[in-house]
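K.L.:
Would you mind keeping the following structure in view while I ask a few things?
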Amino acid sequence: MTLERTFVAIKPDGVQRGLIAEILGRFETKGFKLVGLKQLTPSKELAEKHYGVHKDRPFFSGLVDFITSGPVVAMVWEGEGVIASARKLIGATKPLEAEPGTIRGDLAVNIGRNVIHGSDGSDTAVFEINLWFQENELVDWNPSDQAWRVE
């Protein structure tokens, strides 16, 4: 496996419910490296670009309204297989279909308030990281326990 990066965002419901530390902890415990982190209330323009693939869907305006309704914690995580692994940690989009032990399975109830977003593939990850972060906001660093994480 090769090192890759993925974009993850704690949505306004997760921030308002005080779930930031728990969600960060799940990714750190898994062994991934946090290379980008910021809290912001997304602009309508940013939200429309982020959800652009859904622009013709009936729920598009609701997605934009929700993601711009309050602060979001935007993150970039790095690690071997981090994109697929993050998707497994996050769980199914519909919380009622998410397995127990996943973030959505444990912390979310409704699809409209499903706590977290994660990139669904490598192309999406690159697009979302570049949309939400400037290159100088991402930090390359070597954790002191790196030798204990990977071979």
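Every residue number used here counts from 1 along the chain in the order it is shown.
For all residues, glycine too, the Cβ spot is worked out from N, Cα and C.
Per Swiss-Prot, the features are:
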type: ACT_SITE; residues: H117; note: active site, pros-phosphohistidine intermediate
type: BINDING; residues: K11, F59, R87, T93, R104, N114; note: ATP binding site
K.L.:
If you pair up every Cα among K11, F59, R87, T93, R104, N114, the residues annotated as binding ATP, what's the maximum separation in angstrom, rounded to an integer?
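P.N.:
Greatest Cα separation within the listed binding residues comes to 22 Å.
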K.L.:
How many other Cβ atoms are found within 10 Å of the Cβ atom of the residue listed as 'active site, pros-phosphohistidine intermediate', counting all protein chains shown?
P.N.:
20
K.L.:
Rank the binding-site residues F59, R104 by the number of other Cβ atoms within 10 Å of each Cβ and report the first-ranked residue.
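P.N.:
Of the binding-site residues F59, R104, the highest Cβ count within 10 Å belongs to R104.
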K.L.:
T93 (ATP binding site) to the residue listed as 'active site, pros-phosphohistidine intermediate': how many Å between their Cα atoms?
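P.N.:
Here the two Cα atoms lie 9 Å apart.
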K.L.:
If you count Cβ atoms within 10 Å of each one, which of the binding-site residues T93, N114 comes out on top?
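P.N.:
Result for the most crowded candidate: N114.
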K.L.:
Around the Cβ of K11 (ATP binding site), how many other Cβ atoms lie within 10 Å? Please give the count over every shown protein chain.
P.N.:
23
K.L.:
Could you say whether, by DSSP, N114 (ATP binding site) belongs to a helix, a strand or a coil region?
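P.N.:
For N114 (ATP binding site) - judged by DSSP and reduced to three states - the answer is coil.
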K.L.:
Which number gives the other C-beta atoms within 10 angstroms of the C-beta of R87 (ATP binding site), all protein chains shown included?
P.N.:
17
K.L.:
Whole-number answer please: how many Å between the C-alpha atoms of H117 (active site, pros-phosphohistidine intermediate) and F59 (ATP binding site)?
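P.N.:
Per the Cα atoms, H117 (active site, pros-phosphohistidine intermediate) and F59 (ATP binding site) stand 16 Å apart.
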